[in-house]
Amino acid sequence: MFIEKFRVESPNVKYGDGEIESVYSYETTELVHEVRNGSYQWVVKPKSVQYQFKTDTRVPRLGVMLVGWGGNNGSTLTAGVIANREGISWVTKEKVQQANYFGSLTQSSSIRVGSFNGEEIYAPFKSLLPMVNPDEIVFGGWDISDMNLADAMGRAKVLDIDLQKQLRPYMESMVPLPGIYNPDFIAANQGSRANNVIKGPKKQQVQRIIDDIREFKEREKVEKVVVLWTANTERYSDLVVGLNDTMENLLAAVERDEAEISPSSLYALACIMEGVPFVNGSPQNTFVPGLIEMAIKRNSLIGGDDFKSGQTKMKSVLVDFLVGAGIKPTSIVSYNHLGNNDGMNLSAPQTFRSKEISKSNVVDDMVSSNGILYEPGEHPDHVIVIKYVPYVGDSKRAMDEYTSEIFMGGKSTIILHNTCEDSLLAAPIILDLVLLAELSTRIQLKAEGESKFHSFHPVASILSYLSKAPLVPPGTPVVNALSKQRAMLENILRACVGLAPENNMILEYK
């Protein structure tokens, strides 16, 4: 059974004027390696820590500024939100299609809230806590191309023509602000699009981004802004002592107009200085150590890296299943081809390398979790190929071969073929990232023994479910397994309304 909304009644939760307060007992374990009976033993000790959560339920008017607004992802997301807001339907060769938010965790997935008369009861994910209605988001942003959003939508060739015609009047007046352009960080083939760029030294570029955010916020009368990078994949930045290793050195490097500071890092720097959440949707190392240090010191939310949309999402499910079933993946070969601008940019070796790193690390935590299957340091062979094929456009093709060792020396091979519209997978993920980033800024918590409430760590690991290479606070384990990431996110939001984690034990029926 599906219910639209619910209210929690419990001594552990209190609904007040503009906020929800909850008390939550976090059940975890503590491991110690100690001498017992003359030898070292591992001892696991159950541990309970009481937390208090406080969530501001006043939902703000939200502005979203996209870096790369005129690209396939930015134009597709903007078009999709307008189509939903206006209730637009359009004719395809198969049917009359209604606008929807399919593919969005927050808008189109559900959570289990209990059982009633022997039937499982589910509710929308978004019913857990008050979230921004995506129909009410105000969009803006930057792009190195000055093409308006209606023409950019046509250039992307993602949405049906009938829908494009209906959306054009809404999008023709939407024109991106000039963006930061450094040809050294992206493929040379992007130069033909770069007719809308911010001139001047890096310090001046950062100030221009700050001014743009302030002017957008004032002009559109929005209470909060979230900035998200959905522009070209950049090459990796060199990590250099004295350049970007500390906050102080990074700021000094900007003053000197050092070449080895990427455009994405400049956008992130501007957002941190302005106290605006910044999410990186591409695989490059935007968050150099100096930026992370600065975000932590200023308590300004940063998240990323790289949208987890198609092939990698499947991989983080399948490898988790195989290793969890006691099957040993020994070879993973992933091949992709696509024909959109992302594919063209990735045809350059230096930008492909960023994507290769992002895709390659996705199985690491699953492999290291099973010392029965893998010796220390052992890892499956993992090869990734991406090719640019202009004819297929946004229709990305992904082929994967998983070879595993099974019982008594046997072999198992699984082959997957996945065809999808790349931007139609990415757009709802962008939506989820900005909605959850905004929501997380309204949640505060404190553990027993702490005197004051505080926000989540500014390095927003809560966004891991949506990222190929999750950014986590220093010293925090990286989790890539999709089911664990979703459970983490859902259970944190459940804790905010005093609900226990969903553990699927269903003991009442055992």
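Using N, Cα and C of the backbone, Cβ positions are placed for all residues, glycine too.
Feature list (source: Swiss-Prot):
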BINDING   70-73, Asp143, Ile180, Gln190, Arg193, 230-233, 281-282, Asp306, Ser309, 340-342, Lys355, 393-394, 422-423  NAD(+) binding site
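Positions of the features from Swiss-Prot, shown on the structure.
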residue: Gly70; record: NAD(+) binding site; Cβ contacts under 8 Å, 6 or more apart: Asp143, Ser145, Met147, Asn148, Leu149, Ala152, Pro176
residue: Asn73; record: NAD(+) binding site; Cβ contacts under 8 Å, 6 or more apart: Leu66, Thr230, Gly281, Ser423, Ala426, Ala427, Ile430
residue: Gln190; record: NAD(+) binding site; Cβ contacts under 8 Å, 6 or more apart: Ile144, Pro183, Asn232, Asn341, Met344, Asn345
residue: Ala231; record: NAD(+) binding site; Cβ contacts under 8 Å, 6 or more apart: Val67, Gly68, Gly71, Asp143, Ile144, Gly179, Pro263, Ser264, Ser282
residue: Ser309; record: NAD(+) binding site; Cβ contacts under 8 Å, 6 or more apart: Asp422, Leu425, Ala426, Ile429
residue: Asp342; record: NAD(+) binding site; Cβ contacts under 8 Å, 6 or more apart: Gly71, Asn72, Asn232, Thr233, Asp422
residue: Asp394; record: NAD(+) binding site; Cβ contacts under 8 Å, 6 or more apart: Asn72, Ala156, Lys157, Val158, Leu338, Gly339, Asn340, Glu421, Asp422, Ser423, Leu424
CB neighbours within 10 A of Gly281 (NAD(+) binding site), counting all protein chains shown, number 28
Secondary structure at Asp394 (NAD(+) binding site) (DSSP, helix/strand/coil)? coil
